[in-house]
Amino acid sequence: MVLKVYNTLTRSKEEFTPLHGNRVNMFVCGPTVYDYMHLGHARTYIAYDVIARYLRYKKYSLFYIMNITDVDDKIIERAKEKNVHPIKLAVEYENYFMEDMERLGINTVNLFVRASEHLEEIINQVKTLIEKGYAYETETGVYYDVTKFLDYGKLSRQKPEELSQHRVDPDPTKRHPQDFALWKKRSREEFGWDSPWGYGRPGWHIEDTAITVTYFGPTYDIHGGAIELIFPHHEAEIAQAEAATGVKPLVRYWVHTGLLTVRGEKMSKSLGNFITVRDALKKYDAETLRFFFILTHYRSPIDFDEQKLEQARESLRTLYNTLQNLQETEQADELTEEDKNLQTKLQQFKQKFIDAMDDDFNTPVAVSVLFELAHEVNRVIQKNKRISSKLKEDVSNLFKELGGILGILQKPIRKEAETEIVDKLLEVIIEVRNELRNRKEYEIADRIRNRLREVGIVLEDTGKGTRWRFS
Ligand SMILES: [Zn+2]
């Protein structure tokens, strides 16, 4: 089966064929860095991480760019409140963002691109749009004239009369209420840059197209983002880029992730109903969070409740228990009939998993295949009480390989005795480190913590003493 991807533009699943042979260029809207990442963001970025992992698993040569919006009115407002420079605030939250991404195991992005480092490209694109008659300058800024771009509304499937019903910025200098800002003129006391239209800041939508045209050219394969970005953000991107370059389409596959809601309302900073990734990671490990999200198809909405997260943890644990069982089962020298059966079935399980992923990255079905496999393995172990070493290895490798696409089942499986020893060893290390800290030997104490971090063990100093966990 070939990979099929749901394209928001055509509202249908399409066969995936990249523009340049095996090469896939993908861009995903990144964070506006003025606050911590919350679970709504995590859902989106985990979804594209799985998509990226799968594309690479299918041997596509994927180049994945994510932008960092570090120039934005929200950042400037927050910086004012906190009385720090906006860039300083943005850098601080960008660092937190990177830490959270790493802890969630999201490691597929090739390049993070900051908007503030692409002012020249942004200004050039605005210039082109003015020259081509798509944009105009007023005393408050430069605006895109949406009536000039006949395709405006094609992604969100809205007619001009529907578009005018959206709540818009009522700036009286604009020709039409739907016209969006490419450049916002600002006073010199505010943070900004010089431009041919005076001092100010770029609009939000122009960042993405200035970046993608620079790195990918006028057309690329996949543009991702959460569903609420379809309008106006992605609609505006199409208008900007297709008008500026004269090439259609800007994007071959528009891929959007469903919302994460809390009691039916979108999880968002503005509603204040969000849980940060850092808080969630204090209670749940990264694989549990990932598993919770991939139990639902990436396009479907998820209504968050903690009970479901607990269930996800339990259900992931049953997969680990199977791996543990397998590890602890005695080895047999010869394959039994059952073993042989299972051996041949492994290929079928793998194919079923791939078929599910080929069907628009259907992770819930892919996960159900892992459970079927686990069920089968448990059945054989229970019946035979022994398993051949070759089969043992093949089964664990398959779990690891398929789990790796989803970013789960990557933790080492230990024998019970080993686990106990690790626990005791860490107790000893923590005791020594605390003694060093009591003696104010902070340098060595920190070195111990850093070295442990490098081998995948995180120490956390809490009010109730030092705890450890696998990172
Ligand atoms: Zn964007």
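Including glycine, each Cβ sits where the backbone N, Cα and C put it.
Per TrEMBL, the listed range annotated as motif ''HIGH' region' is 31-41 (candidates: 31-41, 273-283, 427-437). Of the given residue ranges 116-120, 121-125, 266-270, 386-390, TrEMBL assigns the label motif ''KMSKS' region' to 266-270. Among the ranges 149-199, 302-352, the one that TrEMBL lists as coiled coil is 302-352. For Lys269 (ATP binding site), the same-chain residues 6+ apart in sequence whose C-beta sits under 8 angstroms from its C-beta are Asp35, His38.
The average per-residue pLDDT of the prediction over the motif ''KMSKS' region' (266-270) is 82, rounded to a whole number.
According to DSSP, the secondary structure content of the motif ''HIGH' region' (31-41) in residues is 3 helix, 2 strand, 6 coil.
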